Structures are given as C-alpha cells and as structure tokens.
Amino acid sequence: PFNTGVIFYMVALVAIIVWSVYESYVERSRKRMNVAFLITVAMLGIPFYGYGASSIAIGVLVLTVLGICLFYRKSTKTYRVSARAMNTTLLSVMMMMAGYSSYALIVIRSTANTPMDQNSPEDIFTLGEYLGREQYGTRPLFYGQAFSSRVTLDVKGEYCEPRQKAGKTKYIRKVKQSPEEKDSYIKMPGRIDYEYAQNMFFPRMYSSPHANDYKQWIQIKGHDVPYDQCGEQIMVNVPTQWENIKYFFSYQFSFMYWRYFMWNFAGRQNDIQGNGEIEHGNWITGIPFIDNILISNQEMMPRELKNNKGHNVYYCLPLLLGIIGLFWQGYRGAKGIRQFWVVFFLFFMTGIAVVLYLNQTPSQPRERDYAYAASFYAFAIWIGMGVAGVARLLQDYCRMKEFPAALVSLVCLFVPVQMAGQTWDDHDRSGRYVCRDFGQNYLMSLQETGNPIIFTNGDNDTFPLWYNQETEGFRTDVRTCNLSYLQTDWYIDQMKRPAYDSPAVPITWEHTEYAEGVNDVVYIRPEVKEQINKMYGLTASKEKQGSTSPEVQTNVRDAFGDNPYELKNILKYWVRSKNEGLRIIPTDSIVIKIDKEAVRRSGMMIPAALGNSIPDYMHISLKGKRVLYKNELMMLEMLANTNWERPIYIAISVGAENRLGMENHFIQEGLAYRFTPFDMQALGVVIDSEKMYDNLMNKFKFGGIDKPDVYLDENVMRMCLSHRRLFMQLALQLWNENKKEQALKVMDYCEQVIPKANVPYEGSSQTMAELYYQLDMKEKADRIIDVLAEDAVEYITWYLGMDNMQLYFSFANLDYCLTSLAGYVKTMNKYNSDLAAVYTDQLNKLGEVYQIRVK
C-alpha cells in the first residue's frame, strides 16, 4: 500500500538515531560511534542538496569530509570531534524530528478526505510539494533573468525552439483501474522552465508581467545587449545592475521592510494599503516638521485620513530606545558583543534575509508586514536593553544606585502606554462579526433548495463560506467551489466527492482526463467549423452538401454526436477524446439544449417578456478567446450536466476574466449571480428584485457594523461598501419597476444598517443622493451630496497645498477629486439644491488655484 516505504524509512531512521545516541553515550567503540553518526546524517538526507546525480555527488563529498573530521585524531588519545559533541548533535536532531513529526497530522487528515483538503498531501511526495509551496512557483535569487530578458532559442531545422530545462522528476499515485490492482507511483516530468539569454546577478526585477510596475518605482533606461533571434541579431534592452540594486533598496528594502519597521517603532499614517502614493500606508512620527516633509501638511489633511483608527504616532520613542539598547549591548565588552551578534542575526535572518528571499514584485495584493514580525520582536529586545542602558548611564552620575533604575523604568513606561493607547482602537475587534455574517450573506443569496453550487475565486469570498459551513454548520447543502483551485486535479477529485449535506458536483471526467498536465489548456479553433459543416452536410451550397455521402454523415454523427456544436458533445467527443489531436474546441459559439420543464421547475425567474415561450437553445459566445483553461472546462462540464435542476451561482466578487463571457446570462439575487439559459441583458432584466429584496431586507446580517466606534479595517470596509452598492442596485431596479415605496424602504434600511458614521460615503454614493432626490427626499439627498462634496473639497485643498514634487505624484488623484466635485455640483443644480451655489463658488476658486499650480 501507499506510504509503506515511508513507514519502513521512519522505523529504520529512529532505530539508527537511537543506536547512534547510545554509542556516543557509552563511548565503547569510536569506530561504531563514527559509523553510526555518518549513517544517521546520511539517512536524514542532510548532505544530499538538490536532485539527480549532482545531489548524490554532493552528498558523498560532504560525508567524506565529515568522515575525515570524525576519524581525525588531535593526539593519540583525543579526536577533533568529541563524543560529547556528537551526542549533543544527535539529541538536538531528535528534538527537531519530534517537532517535525507533527506534520504527520497533515497526511493523516488528508487521507481521511476531509471537505477542506488543500493540495491533498496524502503521501510523502505531495506532502513535500505542500510544505515547499510549489504551487506558488519559483523566483530567481542569486542569478537569473530580468523582466525584459528573452528566452534562448535553439535552431531545429527550419524552425527555432525555446530552450527548456526540466525540474526534478515528480512521483504521483497511479490511478487504479480496479481495487485488486497494486498501489504504485508513476514518474511524471518535472516543472518545465525556460532558459534566458540575458541574465544578471542578484536579479530583483525578474517578472515580465510587472514590467510597468517596476518602471513606476524607478526610472529605467537600461542598456542594449545583443540577442540571437533565430539567426537574426537584434538588440534587447535590459535594466542595468545599478538600476536593479536601486529597485531593491527603493521598493523591496525601503517600502516592503523599512516602512513596516517604522510602523511599529515610529508611527503609521493609516491602515489603508499603500502602493507608494502619498495618501495611504506610509510611516510617520507624530513630529509635525518631519511628517510635513514625508507626507505633506498634516494640518490640512482630510478628516477621513486624520480620523482613521490606524493613524498611530509614537514620536520615534521606541526606535530611539532600541538604538540606545543596540549600542549599549554592543559596547559592553566581549560578552556584550557576543550577545549583540546573537540578537543581530536573529533580527537579520527574520527580517532583511526574508526580504532577500521573497524577492517581491510591486503591487502586492496585501500588506506583508506579518512576514517580518520575528524581526520586530528581535528589535524589541534592544528596546528593553535601551531602558537598562539609560539607567546605567544615569547611575554613573547618581549616588543612589537604585534611584536611576526606578526613575528610568517609570519614565520609559510611558512608551508602551503610548503605543497601547494609540493602537488599541485599531486592534479591538469586539462586537464585530463581519466575516461570519458576510460569509452567511453569500450563502443566503443562493436558492434554499436544489443543493446549489457557488463559484468563488479569492480568499475573502471563499474562506468565510468554508468557515460557516465547517464551524457554524450553516448551509451545508451548498457546494462552495473555488475557481483558483479548480485548475488542479486534487481539487477536482474533492469536488467529485460529497461534502457535508452537498452531493458531488456533476463532473463525469475520469481522473486521467484532468490529471496534472492533461487538458490544462484547450485551444479554440473556429476555423474547423467549415470542415465539420461539410462532413455533416450543413454547408449552404447544394454542391458542397452533396460532396459528403449520407453514409459518411451517419458515421460522423455516430462519432461526434448529432449536433457537433452542443456543449455535451464538444466535451465528450473532442475535449475528452483519446486522440490528443482532437482535444480542441471546434467552434467559438457553443449551444446548450434547454430542458424547458427543468427550467420551469428550477425556481429561477423567467422574464415576463418571454411569456410562456422558453427558447430551445442557449448560446455561449467564445469570440475573442483563444483558449479555455481547465477550471473553465470544469465550469462548462457542470453547466452541461446540471440540466438547470441544480442551481449554479457565481460570486459577484469574481472578476470578469473568470466568468466565461456569460454575463449576459446572469441574474443577480444578492451577493451572487445565477446562471440562466436566457439572455437577460437583451431582455432588460439583470436583477431578480423580488428575491434580492427578500435577501437584503429579511435575511442578510451585517456583523455589528452599525455599532458606535466599531473598528472596520480596509478589507472589511471594502465588503461594507459592496453591500451598500447592493442596496443601491436594488433600489434602482425597484425605481425602474415603478415600486417607489419599496425603493425608499431599501434606501432607508441601508442607511440604518450601514451608517455613514462607520462606513463613509464614497463616489458611488452619489447614486443614493440622486435616488433620494427622485423620491422627493431632498433633505436626505442633500445630506449625502453635501458630505461627498465636502470630502472632495478637503482632498483638493490638501493636494493644492503640497509642494511641487508631492503634487506631481498626486496629480491623478487631484484630477479625480476635481472631476468628482464637478459631478456633485452638476447633480445639485439638476435637482435645484440650495447647496449648488455654495459648492459652485468653491469649485471655481479651487479651479483657479489649480490653474496657477499647473502653470
């Protein structure tokens, strides 16, 4: 059975380590002691770095050198490596093994096929991939390509092929055709990487998709280097080594480490993720003249930023104490300097060394300060020593030796008190249940019957759903399907198994048809249609119709189905074909035959414009797409097999690139769009107002965001704004359906559960103001539009008060605020608001200042 070899290996390893410990303890035979130690090191695999023949050569070399050291005598009675040193080393290894043995729980849990089983690490090979995070790819560290490097080309006859290099061989479980078949592994080719013609040492700007992002951080002129493009010599511009180093210091070290370091020991501007702009996520000190240089005039800063709970200032006091402690420890004699290096290397290896290893690209999806927490803990050691250092300094000038220590401790206590006072409000999650409730809102958006499926994509629209199902036991009839994982064979295997109260998803493919490396990409070949039409006798010309005999047409239909463009036939006869040459999508317009009775039973809304007439076919356009990926094929597989009897939804947070271009077939019922066989956009129906009204007004929960002073960080705020937009979309739909009373109820309820005090209005809230105007609620509309306009004025005033360099980098945001303010004024004038005159005057004055600053 699987894992037999691992079990034998672990038993043998434990036995050998016990033997080695025993030999090094009793010291009866130096020869046995050395041999046991060498076997232990070899069995642990420590010397065998890398893979293939090179790893064996390196291992033999290391063991040989180690053996020489072990057998070398300093004198006739003593050895260079003592038995005590070997015994201590072996005991340390045993402790490490005991710690790492906890990873066995991962394999045990995965073997149980739990509903959540990421990467399915059921054996030693998949466990290695899981722990090595191989799904996230690799990045060059010491030597490699730049973002503009070209792949080396090799001439093969009349063509050129990119030069490839294969990674280490992978071993995967063989899918058994019968229970009687023996368990075994099969070899699979390793990861294929390309070799690049232009390389540099210490490559920091290596990712071609981030080329424009690199250029935003530093000015890149580069230098031209020759490149052989299949026999033709051309010049390729690559960044210089100095530009590469500049990027490392300006972004990877300064922005992605030093900024986080200063957050913790100097101060933080706000809790909004920054990408280098002046408004968000910078470090500050609380000392005005310093902060004015860093991020412009603090007095003119908009209230929205000034009142952000993540705005924390420590006046650099923790930083100063840490620097004092660092020098105090380093200058306390030989013992002090030894201790200093211990703390320093802890600080370095958990901070700057991590920066070097991660080699991060710009525009990270989230702040990464958590990656360096241990480094900040190490610096905190020096902060503690800084207190001792100040106390010791005062003792030299004071007769009462105990008094300075007490005084300094009391004074320095102000530092952690200040830090706690500043950070308490943005670390206090009490009374906030947004993650749980918003996750439930996704699930409550789905039909209550039929075991619905919902496609999600990111962390924030997947893990809250999993939590609710796993921990709260809520809507366990729903199958949450993450599209990012649906590209992998292990996740498709999980989708084919029941989970909680949800039956398996309707995927009929065999594992061999979606295993890693199989059907990862299927090309769309619409040019094949002409040949297919000819074989089926579907061409317009009678002469061409007659060119294919009825007998051939019958054989073709037996081989590819009655309708070659129907989704089920494409998946069955083309994509899943045993003939790899046929694994294509032979059209850019797919059809699905509609079971009309199943649609009527499904519970989905049938547009009134259709009456009782349901079309025979649903059309899916793939125009503009060149390929379909494995996750998209699985989506189509489910769509083909559910027959509309099992509702399929997709979360509204899933990007357009993952929607298969089927937006025109969606109808919104809450936080999810429902797949329908109708062209809803053509029919003018995009929201099921009845279901969405019931969901938002009666079912949805809002996690306590209406409580005074509840802390809402950027991610939570984003979800709150998404819910507010849902209310606006529903109110607009009700307005269009002439259900004005319901529209007003929706707007008022939105203001109640998502109050402005905790969730500030933003640009899209202008729609709320316009709706209130149309509903003759002028006072409510004025209140919203006034807040929006006032915020815009504050931002514009702040931007215009910056120095020239700061204004240059904020110009796009300034233009956006001016355009927004002009839009608000236009709305005020349109609905005859008394505010129009006030803000028209301010807009004109700010416009004049703007013109002066531009010149």
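Placed from the backbone N, Cα and C atoms, the Cβ positions cover glycine too.
Here TrEMBL flags 6-22 (among others) as transmembrane segment.
Tertiary proximity for the transmembrane segment (34-50) is limited to same-chain residues at least six positions away from its ends with a CB under 8 Å from its CB atoms, namely 9, 12-13, 16-17, 19-20, 23-24, 56, 58-63, 66-67, 70-71, 86, 89-90, 93. The transmembrane segment annotation in TrEMBL covers 34-50 (among others).
The transmembrane segment annotation in TrEMBL covers 85-108 (among others). Counting same-chain residues at least six beyond the ends of the transmembrane segment (85-108), those with a Cβ under 8 angstroms from any Cβ of the stretch are 3, 13, 17, 20-21, 24-25, 33, 37, 40, 44, 70, 121-123, 127, 130-131.
Positions annotated as transmembrane segment by TrEMBL: 312-328 (among others).
Annotation source TrEMBL lists transmembrane segment at 340-358 (among others). Residues 141, 252-253, 256-257, 261, 326, 329-330, 368, 371-372, 374-379, 381-382 of the same chain lie 6 or more positions beyond the ends of the transmembrane segment (340-358) yet place their CB under 8 Å from a CB of it.
Taken from TrEMBL, the feature transmembrane segment applies to 370-391 (among others). Same-chain neighbours of the transmembrane segment (370-391): 257, 260-261, 264-265, 318, 320-329, 343, 346-348, 350-352, 354-355, 358, 404-405, 407-409, 412, 415, counting only residues six or more beyond its ends whose CB sits under 8 Å from a CB of the stretch.
Note on the transmembrane segment (312-328): residues 262-268, 284-287, 340, 379-390, 392, 412, 414-415, 418-419, 422-423, 426 of its chain, located 6 or more positions outside it, place their CB under 8 angstroms from a CB of the stretch.
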